[in-house]
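Annotation source TrEMBL lists transmembrane segment at B:21-41, B:101-127, B:139-161, B:167-191, B:212-234, B:254-275. Residues or ranges marked as domain 'G-protein coupled receptors family 1 profile' by TrEMBL: B:32-273.
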Amino acid sequence: MSALRLISNRTSQQALSNSDYTWDYEYYEYGPVSFEGLKAHKYSIVIGFWVGLAVFVIFMFFVLTLLTKTGAPHQDNAELSEKRFHMNSFVAEFGRPLESERVFSHQMAEESQSLFHFCINEVDHMNKEEESQKGPHLEKNTHFQEVPKSSGMFEEDLHCLTKFNIPNFVNTEQNSSLGEDDLLISEPPIIL
Amino acid sequence: NISDFSLNITDCTQVVVPEEVFFTVAAAGILENLLILIAVVRNKNLHLPMYFFICSLAISDMLGSLYKTLENIFIILCKMGYLTRHGDFEKKLDDAMDSMFILSLLGSIFSLLAIAADRYITIFYALRYHNIMTLRRALVILAIIWVFCAGSSIAIALFSYEAATVIPFTILFPLMMFFILCLYVHMFLLARSHAKKIASLPSSTVHHRTNMKGAITLTIFLGVFLCCWAPFVLHILLARFCPHNPYCACYMSIFHVNGTLIMCNAIINPMIFAFRSPELRSTFKKMFYCPR
């Protein structure tokens, strides 16, 4: 590697005398480096590089957090039905009922459960021929099947989402790139 | 004629990292990644494309740590006199080790890319995911990635003195990082819009905090990789283009620290990617705590 080989031969000459930790690789015709007349601090590249890297990472973090702050939550009762639909799809994503919606919880759970079953059946249809998919399918849908059991682990759901760890959820964006999958989420929930 | 130049008091001498630190960090990296490989092989539930890509990342991390360990052993053997510095065998061994290291770097980058693409497909093509990313396709993708990385690493190690290899290598690095960043930002935007929809429901106060968590996670993903690999990439650039410049030489004197950072990346990567999965964690618990 040129990087290794270009480490100064000079230090390997001194190394025999003072340091017992040497780089012994072949060195090519590069002569010793003169340190006379430096205008800036000799470690300026090191310092500049690390400061630049830190600034870049912090800048990236601020850009990402700014993305989170745009748009305030709005509570509009007129759009309650639309929210019920959205919540259906959201519950379909995480498989746990929202604690804040206990008023509709029974109906919601039933509808959302039916939506899961519909989704799960749909996916099962597609993967019927693949035996090996059953195992991972069950593993990925363990959240779906926990609808009746859990209560109010809302934060946990969003935490899972933001960890991108169990990301197998339905995309409800209007500009979604799903084709026939849109049919699944835009249909009214089917009681099976 | 040492007195003229090299014993200048303002010299930048090589910053030395103690051998014990090197070996400890390298051993920790190798062990951790080996554990992940064993866990994925033993648990049939983990035979998924997602975990195969994480295994690929574990293998490239292991190669990086292995390279550093072998290099240290090589140096110790040279010091003790078992190997000469100028022999042909040593040069070939050196070339082989260099290509292992570049293989590790390229493997890391492509594995991270594969993991990001896999998550992207999982989110945006959720119901067709099992058809798009079958097990066979994942293995084919991994085979292509590793063959490409092996070929490139051998080519780069053989022709490492040409500018034509250094420049593409250093351009590839930020390009891939940028692409991975775009994938994750798009996923992140989706997560944010979902959280906003949830937040629009009554009595929901958590969305700011969880989106903050998403921002932190993403920053950690990419920040760790950048901080561990970018110093070395800069070293290569400086070594190729300004080896005589005193500023560049001072930067190159911290080469061992950069190498240790790369090994730290091998330790941190499993924590960020592999140990986040509950299934993998439960496999570990079973491996260690279950009575045989």
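Including glycine, each Cβ sits where the backbone N, Cα and C put it.
Predicted automatically and left uncurated, TrEMBL annotations should be read as such.
Listed by sequence, the residues of this chain that lie at least six past the ends of the transmembrane segment (B:254-275) yet keep a Cβ under 8 A from its Cβ atoms are 14-17, 21-22, 25-26, 28-30, 32-33, 36, 54, 57-58, 61-62, 64-65, 68, 108, 115, 220-221, 224-225, 227-229, 231-232, 235, 281.
Averaged across the domain 'G-protein coupled receptors family 1 profile' (B:32-273), pLDDT in this predicted model comes to 83. Sequence-distant neighbours of the transmembrane segment (B:139-161) (same chain, 6+ residues past either end, Cβ-Cβ under 8 Å): 52-53, 56, 95-96, 98-103, 106-107, 110-111, 114, 169. Cβ atoms under 8 Å from those of the transmembrane segment (B:101-127) belong to residues 49-50, 53-54, 56-57, 59-61, 63-64, 67, 133, 138, 141-142, 145-146, 148-150, 152-153, 156-157, 169, 172-173, 176, 179-180, 183-184, 186-187, 190, 225, 229, 232, 265, 269, 273 of the same chain, restricted to positions at least 6 beyond its ends.
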